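Database features (TrEMBL):
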- A:3-190: domain 'Glutamine amidotransferase' (DOMAIN)
- A:C76: active site, nucleophile (ACT_SITE)
- A:H174: active site (ACT_SITE)
- A:E176: active site (ACT_SITE)
Amino acid sequence: MIVILDYNAGNTQSVMHAINRLGYSCKLSKDLNEIQQADKIIFPGVGQASVAMNELKQTGIDKLLPQLEQPVLGICLGLQLMCTHSEENNTLGLGIFPTKVKQFNTPLPVPHMGWNKLQFNDQPLFSGLDQQAYFYFVHSYYAEWCDFTQATATYDLSFSAVLQKDNFYATQFHPEKSGIAGEQILKNFLSL
Amino acid sequence: MLTKRIIPCLDIKNNRTVKGVHFLNLIDAGDPLDLAKLYVQQGADELVFLDITASNEGRKTLVNLVQKIAQEINIPFTVGGGISSVEDVRSLLKAGADKVSINTAALNRPHLIKEIADQFGNQCVVVAVDVKKIDGNYFVFKNGGRINTHIKLEKWLHTVETLGAGEILLTSMNQDGTKDGFDIELMQLAGMCVNLPLIASGGAGRASHFAEVFKKTKTSGALAASIFHFGEVPIPELKQILKQKNLPIR
């Protein structure tokens, strides 16, 4: 079973529809047993870091998530909460990726909103994709580069667009909203 | 590099796409879901659906339509028209919309912008601004362009940015429906006022109009309706032309 974490974040519908379109079934859940027994877990996220972190604490997901051994995919705010700290409302994260989340400080419009390319390493998550593919981003905060950065994107500066450490994967862009290229990323994750 | 967005806009009435000039002489432009799917296939970067039915009956139909769109569309889409409360926003986002566009309700009660941004994040708050140039100044209009608020554009843009808007959809009422090109001066002015993504609307008639607004202003997206619905400017050709002009296009 594929479980989408239910912690009152926006956007869960879009992720579920995208997974259904790929021919998989999935379930929205905040039940710790159900999460623990899932084959794969998706940690979506749209909203504010501190609000989302409080929701995770109330359900106990904050303690469980870093201990999981099955593949986990964080999306957007999901990625940011998997880092050590976010400047958004000075929020402590889950600490899975040893990097910090900073606010864009640029003369360019913020949020970074729209389609952008990645520079990625050879990795199962990018199977079937080339460096010309575009992905949909919408965010005002970014994770700094670290040893677990598997892809970067550039908006004034270069930031972590994909992170991966052991069974933990995370994308700053929205694969569920990134057309065919995004579907390929989800397909690759679901076939890990 | 972040690409410039081409955004078809679908006006929805009674579950159909319609197009008219200033809500008059509405012409049926087809089934919104079919049209949306076609635009995704053609390479549209985002879609905007504006509900021009005001009744409660119409709202329920809209939520159902949003659900259907979200099931089938794999690119982001914004829904607007008649949104006046956090609850309206919640039902549309829950149905699968990525962003909501607010206009009159924000002018009647600006704090609504902050309430939506605090609850759902500022990335989902598009503030639609309709402006008309009168004696050299741009004034903001509400109620579908029928009422002049006498608020100057510069002041309103500053207010909505401070309150947490994530994006501005700026329509030139002077240019709307003319097919004479986007209002370049207006978009330049708006680009100086705010550091938010800006979508230009009103006046698109030819591919060169898109090139002009992207080259001369900070606009990150350009919106059009009838020229796409009636095939006057097909999206694949438009994007090809913009690429040839060295604009960053997906």
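Including glycine, each Cβ sits where the backbone N, Cα and C put it.
Note that the structure is predicted; figures quoted are calculated from it, not measured.
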- Could you measure between A:H174 (active site) and the residue listed as 'active site, nucleophile' for me? Cα positions, answer in whole angstrom. 7
- Does A:E176 (active site) have same-chain partners at least 6 apart in sequence with Cβ under 8 Å from its own Cβ, and which are they? A:N11, A:S14, A:V15, A:H17, A:A18, A:P44, A:I75, A:G182, A:L186
- Query: For the residue listed as 'active site, nucleophile', what residues in its own chain, 6 or more apart in sequence, show a Cβ-Cβ distance under 8 Å?
  - Reply: A:N11, A:P44, A:G45, A:V46, A:V138, A:H139, A:T171, A:Q172, A:F173, A:H174
